[in-house]
2 protein chains.
Amino acid sequence: MTAAVLSGRELAAAVRAATADEAAALTAAGTPPRLAVVVATADESSAWYVRSIARAAEKAGIVCDIVDLGPGATAEEIRVRLGELSADDTVHGIIMQTPLPAGVNAQETALAIAVAKDVDGANPVSLGRLAAGLPAFAPATAEAVVRILEHHEVPLTGRHVAVVGRSTVVGKPVAHLLLDRNATVTVCHSRTADLAAVTSAADVVVAAAGRAGLITAEHVAPGAVVIDVGTNPTPDGGLVGDVDAVTVADKAGALTPVPGGVGPVTTALLLQHTVRAAAR
Amino acid sequence: MTAAVLSGRELAAAVRAATADEAAALTAAGTPPRLAVVVATADESSAWYVRSIARAAEKAGIVCDIVDLGPGATAEEIRVRLGELSADDTVHGIIMQTPLPAGVNAQETALAIAVAKDVDGANPVSLGRLAAGLPAFAPATAEAVVRILEHHEVPLTGRHVAVVGRSTVVGKPVAHLLLDRNATVTVCHSRTADLAAVTSAADVVVAAAGRAGLITAEHVAPGAVVIDVGTNPTPDGGLVGDVDAVTVADKAGALTPVPGGVGPVTTALLLQHTVRAAAR
């Protein structure tokens, strides 16, 4: 058996196309949508990611400002800049790129992003609103997981989903989004005893631990759906997920590829959130 | 086999005693701690609960104001009053009692409670801060679950906890508190397929569905620890939990009683939160 490939590319293309239409309409109406990405790191893979967002934004007709504060920026400098962008009526979406300089608390700092412009759901207030069922942008990666499942018509109501990873960026918000869709949700993590026993009892496994190859065939029930959120850099400059695709593909029913799965949908959703923020 | 009784009374008494000491010290220092309970319902069990909080507060040396807006209060009236209390320097803790009048969104309304005074963790912002690891008061009931487990030295790291119920008041925040303590957490609910299969795989079951007798022996692994959050009124004016204690006590390793389990700890924590808010 070989798992079906749950590509994110077609969904991402559809979201980007709809977003470009909305962006064009907003621009024609005198409100060119604008995204600001605040960077405070010299990290190379981060720089690569930011450039890919900027390129995608440009193609969609969204102005993208990269606000580089340098790797020496203090928490206060980052907060002040996020506050200024939050108050700037010409800016509709704000992304605070990670990693931040050592010692800067990402959660605390993200409180300075206006909720209405928090297109990557980084502000803890957005997470709380999401959990409480109030309007807010979800972190784009977490939303991408659910959108891919929906796009490929994977049923969620009453199904058991194991989320591996408890980060504020993916694990926790994806758990809330899945609960909203009536899934039974188990959140596993590095301290989970017998991870394979827990995940192999699930209909769907969401791998978001940030550890290359963590999820192997023994972690997956025959026929299960596996969503790979991992983006782990390889020594040769490539990218691998948290799932050992070679062994898992022989056992799972369906699997997202890396690259080409969650990643492109995430970027497309960041842009979609930005035009939605601009349309308000 | 008969399950050990995980009483909440001793823990509640200890928390109340420590709280009374702190309240006395604050009062002596010129800051008498003050709790405001906003009520907008004619519901009888709610009125009973509010009176019990007021009595407990008085005994602990905390001033308790019951702010009764009547069952006809509008969302706007409740919000305005919560805002006034949030701005009043003599008030340290604010509880928004439920139920609210029909049509009033509790989550939306609770946004008007200042986070620093949100002693029952009702504001979605408090929930988001909690999930993100930032200082905030947890809903007292959710915290009571974890405090009882800790008081009775039930290990949580790496253990599997099934939480039955996904409310913003208990299920979701207790999931975050348990994840913080390194438990593997499954959130189940009314749409969970084969609830008994899921809960009987867990080391600890937290029953917070609000349905009398939902959890029976078949839902519980032999020797498991069961925390009963339910407080369901009986026709004769009594109170029963979500757990069918008669059958579960023969199979579980330990079980909280109703009443006398989570309830008294919840009330004690509300008061402890209030003195902590006053001490800032």
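Glycine is no exception: its Cβ is also placed from the backbone N, Cα and C atoms.
As the structure is a computational prediction, the values presented were derived from the model and not from experiment.
Noted in TrEMBL for the protein shown:
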type	residues	note
DOMAIN	A:6-120	domain 'Tetrahydrofolate dehydrogenase/cyclohydrolase catalytic'
DOMAIN	A:139-279	domain 'Tetrahydrofolate dehydrogenase/cyclohydrolase NAD(P)-binding'
BINDING	A:Gly165, A:Arg166, A:Ser167, A:Thr231	NADP(+) binding site
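Structural mapping of features recorded in TrEMBL.
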{"residue": "A:Gly165", "record": "NADP(+) binding site", "Cβ contacts under 8 Å, 6 or more apart": "A:Gly171, A:Val187, A:Cys188, A:His189, A:Val206, A:Ala207, A:Ala208, A:Ala209, A:Gly210, A:Val229, A:Asp242"}
{"residue": "A:Arg166", "record": "NADP(+) binding site", "Cβ contacts under 8 Å, 6 or more apart": "A:Lys172, A:Val187, A:His189"}
{"residue": "A:Ser167", "record": "NADP(+) binding site", "Cβ contacts under 8 Å, 6 or more apart": "A:Ala208, A:Gly210"}
{"residue": "A:Thr231", "record": "NADP(+) binding site", "Cβ contacts under 8 Å, 6 or more apart": "A:Leu239, A:Gly241, A:Val258, A:Pro259, A:Gly263"}
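Proximity to chain B (Cβ-Cβ under 8 A) holds for A:Arg166 out of the binding-site residues A:Gly165, A:Arg166, A:Ser167, A:Thr231. For the NADP(+) site listed in the record, the two most distant Cα atoms among A:Gly165, A:Arg166, A:Ser167, A:Thr231 lie 16 Å apart. Taking H, G and I as helix, E and B as strand and the rest as coil, DSSP gives the domain 'Tetrahydrofolate dehydrogenase/cyclohydrolase NAD(P)-binding' (A:139-279) the counts 52 helix, 26 strand, 63 coil. Counting residue by residue with DSSP, the domain 'Tetrahydrofolate dehydrogenase/cyclohydrolase catalytic' (A:6-120) contains 58 helix, 16 strand, 41 coil. Taken as a whole, the domain 'Tetrahydrofolate dehydrogenase/cyclohydrolase catalytic' (A:6-120) shows an average pLDDT of 97 in this prediction.
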